[in-house]
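Feature list (source: TrEMBL):
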- 5-38: domain 'Putative zinc-finger' (DOMAIN)
- 77-98: transmembrane segment (TRANSMEM)
- 83-132: domain 'DUF3955' (DOMAIN)
- 118-137: transmembrane segment (TRANSMEM)
Amino acid sequence: MRLSCEVIRDLLPLYYDKVCSKESSLLIEEHLAECTQCVEELEKLKMSLEKPTISDEKIKVVENISAKWKRDKRASFLKGSMLVSALAAIICFITYNVIGAKILPDGTLVEPFALIPIGYLFVFVFIISLICNFVFLKKHKINTK
Ligand SMILES: [Zn+2]
């Protein structure tokens, strides 16, 4: 008994899900042995049904986004620490200039609130974060190339 391709194609989903009768399966297999077009149709069916809900591509996109987000977070942290330390250093030096310092007759510098060492500390932090930022951005550029 030879069935038309149309009939076979109607039965293919049932055949694929193995819910059709044994007799139908045999008929379909018989047809598939001779008809490459219906084999292709079955392949298409398999492809569409076996496609996972989240494709590998989508997972990759999400991974890329989260990686980028992590990088951005780190970059903004570095930029933030750079900015804050620069600002703090500036504030320290301005405050120092406003308050002023006394130099005692014996040559020792007396300044309130230890603004100079703190100011230099912030300058140091600023330089460190500047270097980190520079290195990070360089790496980042290489990664995205
Ligand atoms: Zn066919």
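Cβ coordinates come from backbone N, Cα and C, glycine included.
All TrEMBL annotations are machine predictions without curation.
Listed by sequence, the residues of this chain that lie at least six past the ends of the transmembrane segment (77-98) yet keep a Cβ under 8 A from its Cβ atoms are 111, 113, 115-116, 118-120, 122-123, 125-126, 129-130, 132-133, 136.
For the domain 'Putative zinc-finger' (5-38), DSSP puts the residue distribution at 28 helix, 0 strand, 6 coil.
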